[in-house]
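Asks: Encoded as structure tokens, here's the structure I'll be asking about.
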Amino acid sequence: MAFLALGINHKTASVDVRERVAFTPEQLVDALQQLCHLTESREAAILSTCNRSELYIEHEHLGADSILAWLANYHHLSLEELRASAYVHEDDAAVRHMMRVASGLDSLVLGEPQILGQMKSAYAVAREAGTVGPLLGRLFQATFSAAKQVRTDTAIGENPVSVAFAAVSLAKQIFSDLQRSQALLIGAGETITLVARHLHDLGVKRIVVANRTLERASILAAEFGAHAVLLSDIPAELVNSDIVISSTASQLPILGKGAVESALKLRKHKPIFMVDIAVPRDIEPEVGELDDVYLYSVDDLHEVVAENLKSRQGAALAAEQLVSVGAEDFMSRLRELAAVDVLRAYRQQSERLRDEELSKAQRMLANGSNAEDVLIQLARGLTNKLLHAPSVQLKKLSAEGRVDALAMAQELFALGEGSTDKTPQ
């Protein structure tokens, strides 16, 4: 039994590398099954967000190199390039890392709550793929419990900040009066929902939600009194959009330099503020070269995020302690499980010996033997049989000079100093 947590994140890899290592939702089930088959991992799950791609694996004898090689091959990267950005945590460290991630302690935005939902989705997909078994399943449940305790017992979730909040905060710095601004939101997922909520609360004049399916866009738009359109309507909507924030799961850019140039001409070069939260990127980087466009990527949000996180630093210390306790408790309980099979076999052996001696005693009673003599013989016979195998092994270990094993036996049988009975003089 061993755990591995392996991957890249916003601290170790650029957005260019992260978008190349990201998994689409459609890829996950097949990738998990392929991972387990080709690397002989016993259990596996994949967490892939705009800021990280991580593999969680339970195995018996598996090196991190084989997993890295699979990941590099799957995404058509060189192993050297991936290794330069990757990190690996094993066993206790892997458990602690998962709990830190789920609690928001390893996020770009410290304490952001969305990561827990993303972790739960990773678990659900792994179950669908059939790559989660009892051990990784227990680890996920312990991870969710630890994250919940962090939320409940610390102030890590107060003063809400997120990538979405950071994007809106940046928009506030550029537009002094958001109530006169119009916003175009591309996508309809969790991050865009948060962006829409923040903009709505700030009283933005008009919000448009563009999505691949009109149905999903309409559901989100209805929640905030916005307008729903298809992705094909984006060029027309750009003309009236002061703020553009995009976060989809598209593998190709949705917004190109040409479309933005055309919109700027019709806007008479009135500036457009854009934030591309997606990985891979939704907006072509060349758009940022235009004079009247302020284009920011996820990586550009670091400074804004840092300013909004000062109030959470104290809470993070308490959260780290809770995570450490949770990780230690999980590993302790997991190691206890390793003794279950041995204890079960020992109990079965003891019960067999008991039944043999009990049957012998019952026969003696049926033949008219004295009840007290039968009980004494039953107790003596059971004691001798239970001690026979351990006694033989202890003598053998002593003859071999195995002092360590003898000390362990003394601890196993709770034989402290002075515990040996002495015959009365």
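Numbering starts at 1 and runs along the chain as it is shown here.
Glycine is no exception: its Cβ is also placed from the backbone N, Cα and C atoms.
Okay, these came from Swiss-Prot:
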ACT_SITE  Cys50  active site, nucleophile
BINDING   Thr49, Cys50, Asn51, Arg52, Ser107, Glu112, Pro113, Gln114, Gln118  substrate binding site
BINDING   Gly187, Ala188, Gly189, Glu190, Thr191, Ile192  NADP(+) binding site
SITE      His97  site 'Important for activity'
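Mind running through what each feature is packed against?
Replies: Reduced to three states, the DSSP call for Cys50 (active site, nucleophile) is coil.
Under a cutoff of 8 A between CB atoms, and with a sequence separation of 6+ in the same chain, the neighbours of Cys50 (active site, nucleophile) are Arg18, Ala22, Val163, Thr191, Ser247, Ile277, Ala278, Val279, Val298.
Secondary structure at Gly189 (NADP(+) binding site), taken from DSSP and collapsed to helix, strand or coil, is coil. Within its own chain, Gly189 (NADP(+) binding site) has Ser247, Thr248, Ala249 as residues 6 or more apart in sequence whose C-beta sits under 8 angstroms from its own.
His97 (site 'Important for activity') is surrounded by 25 other CB atoms, counting those within 10 A of its CB over all protein chains shown. According to DSSP, His97 (site 'Important for activity') is assigned to a helical segment.
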Asks: In three-state terms from DSSP, label Gln118 (substrate binding site) for me.
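Replies: The residue in question, Gln118 (substrate binding site), is helix (DSSP, three-state).
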Asks: For the C-alpha pair, I'd like the distance in angstrom between Pro113 (substrate binding site) and Ala188 (NADP(+) binding site), rounded off.
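Replies: The Cα atom of Pro113 (substrate binding site) is 18 Å away from the Cα atom of Ala188 (NADP(+) binding site).
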Asks: Out of Ser107, Gln118, which of the binding-site residues has the smallest number of neighbouring Cβ atoms within 10 Å?
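Replies: Looking at the binding-site residues Ser107, Gln118, the Cβ with the fewest others within 10 Å is that of Gln118.
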Asks: Write out, in the order they occur in the sequence, the residues of the chain not among Thr49, Cys50, Asn51, Arg52, Ser107, Glu112, Pro113, Gln114, Gln118 that have a C-beta within 8 Å of the mean position of the C-beta atoms of the recorded substrate site.
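Replies: These residues sit around the substrate site: Gly104, Leu108, Val109, Ile115, Val163.
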Asks: To test your reading of the NADP(+) site: which residues beyond Gly187, Ala188, Gly189, Glu190, Thr191, Ile192, same chain only, put their Cβ within 8 Å of the Cβ centroid of those residues?
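Replies: Going along the sequence, the neighbours appear as Leu185, Thr193, Leu194, Val195, Leu220, Ser247, Thr248.
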